[in-house]
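Below: the structure, in structure tokens.
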Amino acid sequence: MGDKDDVRIGVFVCHCGVNIKASVDVEEVVEYAKKLPGVVYATDYPFFCADPGQEIIQEAIKEHDLDRVVVAACTPKIHENTFRNCVKEAGLSPYYMEMVNIREHCSFVHMQEPEKATEKAKDLIRAAVERAKRLEDVPTKEVEVENSVLIIGGGIAGIQAALDLADQGFKVYLVEKEPTIGGNMARLAKTFPTDDCAMUILAPKMVQVGNHPNIEMITYAEVKDVDGYIGNFEVTIEKKPRYVDEDACTGCGVCAEVCPIEVPNEFDLGIGTRKAIYVPFPQAMPLVYTIDMEHCIQCGLCEEACPQDPPAIDFDQEPEEIRLKVGTIIVATGYEEFDASKLEEYGYGKYDNVITTLELERMINPAGPTEGHVIRPSDGKEPHRIVFIHCVGSRCPGKEEKGEAYCSRICCMFILKNAQLIKQHEPDAEVYCCYMDVRAFGKGYEEYYERAQKQFGVRFIRGRPAEIVEDPETKNLIVRVEDTLTGEPMEIEADLVVLGCGLVAPEETYSKLADILGIDRSPDGFFKELHPKLEPVSTKVRGVQIAGVAQGPKDIPDTVAQAKGAASEASIPMSQGKVEIELITATVDEDVCGGCGACAQVCPFDAIEMVEKDGKRVAEVQDVACQGCGQCAAACPSGAMQLRYYRDEQLMPQIEALLAEALEEEEEE
């Protein structure tokens, strides 16, 4: 760090068009900045992020011999790298630039209070100047990148990302917790708005994955631990025992034919049954049987029937631990339906003939448990009058007990597709859709919505049903709803009610992976992107990308597009072969360190080790593993642990300057 009394600071206040200037008096702020100790130059400009604005900064650095720069503009998330590169081109260290967010923190939050916005901008700039005086250069380190990638999740997002990366020559490890890849898309009959057969477009990609020389599928497995950093992630995977030799099994199915045990089929959401030895669906990849040991009675019939010599059945299989080293990671985990039983007024789980859209999907699917026939679970008869209810568990802000606040994006179209498929199968059926709003946002979606109304005669009622009551004799369902367009209360007697359930993040899976990978989750439970517009597939952990529903609910086209984006992002460091890591990391004053180990205990990245040096136990930081979170510095009782670029001697003067006027007023009182 330079001598804080000798630095020459330039302050540059951006208008951001009118975003800042409309609320902040930028000219007044500039005049204020000129009087701050250490500031030798200050000016404003409409767009400092544009080329002319950056030229102004670079010329000022040279003309006024500036060695520190403060840019008061918008969020650093968008333009910090822009201004770092700008000052670097002018000959300064990029770390000698301090950025102040006076758009989100001043202008936007005080849009109707220009005086407050202006005074707050002054306070923030005053504090930034004090920090700028003490900024230090940050060393960097170049590390080799492993030429392989881990993809977590074998749905359509994981499949597409795997194929894109494998085709570029990278080694891909595709980990899926189920016995087969395919995800929820494999459950679907058709896809909207083109009504393509879902398996017809998914299965070829599954086969490509299975046959690709650069892809290693690790199914029936879960990621248990991840250590390391971009370019060098060390991954531990636990592969569950199938009790069937994957190399020996040919998928002939003779074992399932002789198995005497039948249990509800989770792939069919409990509608159909499967044997204790099974494949989830005929097109499974890999086509290898799995023994459900929870229900298996170990009668040995499957082993006797197996035509392989020796039999592929292996009751002695144990969990296998697999260790990998990869350069990048893509998280492509999926979703589960909202638990509709939480809404007692709809009777899901209580009334036999109330089902969800995904359960209906398995009925409509010709390869499903009912071979494409929609039936009432109560009596097996085909329903004549069906009521769909939109937004079950979605769009419930402030009513957490009723569901999630967000829109799940696909539910409306999911219902429209199934409503049309029912009408195609049974033209005389009466189909009602109770909706709040129909959100047909994608390409061809509005036309698909119109087709449901005009061509198929699906009836739409604008209103969320208040309750569903079952007739105990007929098992029919009375749906009570008010049409908010006409104000008319209605009672519809339905043979079958289908709940359009929202998409939610499986809590156990997402919470575990967030902890293992060190990535954040959004308030909706899905994984949080680095920036919703500019970095939609990146996370706060460099080298870890997200794709598909892992980032939030979306349809298949958006999922595939995002998977391709994540694959592209993951390929960059692997193509380059090396990455430069800025070492904004923890540092240890070994003379002060007492060797207590508190820092190592709180480090979420296992970047700190306790070692012996000169007969003394001290902390040692692995720079490339440290993510600069600062938890160790906060936990250190002696002050020996500091975070480079965010040291106490840099932050405390900034805080004192920020509070200076408030403290002066307090003293006067």
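Even glycines carry a Cβ here, placed using N, Cα and C.
Reduced to three states, the DSSP call for Ile159 (FAD binding site) is helix. Residues annotated as FAD binding site in Swiss-Prot: 153-176.
Per-residue pLDDT, averaged across the domain '4Fe-4S ferredoxin-type 1' (239-270), gives 97. According to Swiss-Prot, the feature domain '4Fe-4S ferredoxin-type 1' maps to 239-270, an assignment based on sequence analysis.
What Swiss-Prot records for Cys249, Cys252, Cys255, Cys306 is [4Fe-4S] cluster 1 binding site. Counting only same-chain residues at least 6 apart in sequence, those with a Cβ under 8 Å from the Cβ of Cys306 ([4Fe-4S] cluster 1 binding site) are Val254, Cys255, Ala312, Ile313. Under DSSP, Cys306 ([4Fe-4S] cluster 1 binding site) is assigned to coil, being neither helix nor strand in the three-state scheme.
The local packing around Cys296 ([4Fe-4S] cluster 2 binding site), expressed as other Cβ atoms within 10 Å of its Cβ over all shown chains, amounts to 17. What Swiss-Prot lists as [4Fe-4S] cluster 2 binding site is Cys259, Cys296, Cys299, Cys302.
Look at Swiss-Prot and you will find 287-318 tagged as domain '4Fe-4S ferredoxin-type 2', backed by sequence analysis. Sequence-distant contacts of the domain '4Fe-4S ferredoxin-type 2' (287-318), counting only residues of its own chain at least 6 positions beyond either end whose CB sits under 8 Å from a CB of the stretch, comprise 179, 220, 241-246, 248-261, 263, 276-279.
If one looks beyond the domain '4Fe-4S ferredoxin-type 3' (584-613) by at least 6 residues along the same chain, the residues whose Cβ comes under 8 Å of a Cβ in the stretch are 138, 227, 515, 518, 619-623, 625-646. Marked as domain '4Fe-4S ferredoxin-type 3' by Swiss-Prot: 584-613.
Cβ neighbour count for Cys596 ([4Fe-4S] cluster 3 binding site): 16 (other Cβ atoms within 10 Å of its Cβ, all protein chains included). Cys596 ([4Fe-4S] cluster 3 binding site) carries neither a helix nor a strand DSSP state and counts as coil. The annotation [4Fe-4S] cluster 3 binding site is assigned in Swiss-Prot to Cys593, Cys596, Cys599, Cys636.
Here Swiss-Prot flags Cys603, Cys626, Cys629, Cys632 as [4Fe-4S] cluster 4 binding site. When secondary structure is read from DSSP and collapsed to three states, Cys632 ([4Fe-4S] cluster 4 binding site) falls in the helix class.
Feature annotation from Swiss-Prot assigns domain '4Fe-4S ferredoxin-type 4' to 617-646; the stated evidence is sequence analysis. Long-range Cβ contacts of the domain '4Fe-4S ferredoxin-type 4' (617-646) within its own chain (Cβ-Cβ under 8 Å, at least 6 residues beyond either end) map to 95, 135-136, 138, 141, 143, 227-229, 232, 518, 541, 581, 583-611.
Each residue contributes its Cα atom, and for Cys299 ([4Fe-4S] cluster 2 binding site) and Lys171 (FAD binding site) those atoms are 41 Å apart. In sequence order, Thr585, Ala586, Cys599, Val602, Pro604, Phe605, Ala607, Ile608, Val621, Gln627, Gly628, Gly630, Gln631 are the residues of the same chain, not among Cys603, Cys626, Cys629, Cys632, whose CB sits within 8 A of the CB centroid for the [4Fe-4S] cluster 4 site. In three-state terms derived from DSSP, Cys255 ([4Fe-4S] cluster 1 binding site) belongs to a helical segment. Spatially close to Lys171 (FAD binding site) yet at least six residues away along the chain are Asn147, Ser148, Val149, Asn214, Glu216, judged by Cβ distances under 8 angstroms. Note: the Cα of Cys302 ([4Fe-4S] cluster 2 binding site) and the Cα of Cys252 ([4Fe-4S] cluster 1 binding site) are spaced 12 Å from each other.
For Gln168 (FAD binding site), other Cβ atoms within 10 Å of its Cβ number 16. Per-site Cβ counts within 10 Å over the binding-site residues Cys302, Cys636 peak at Cys302. Gly153 (FAD binding site) carries neither a helix nor a strand DSSP state and counts as coil.
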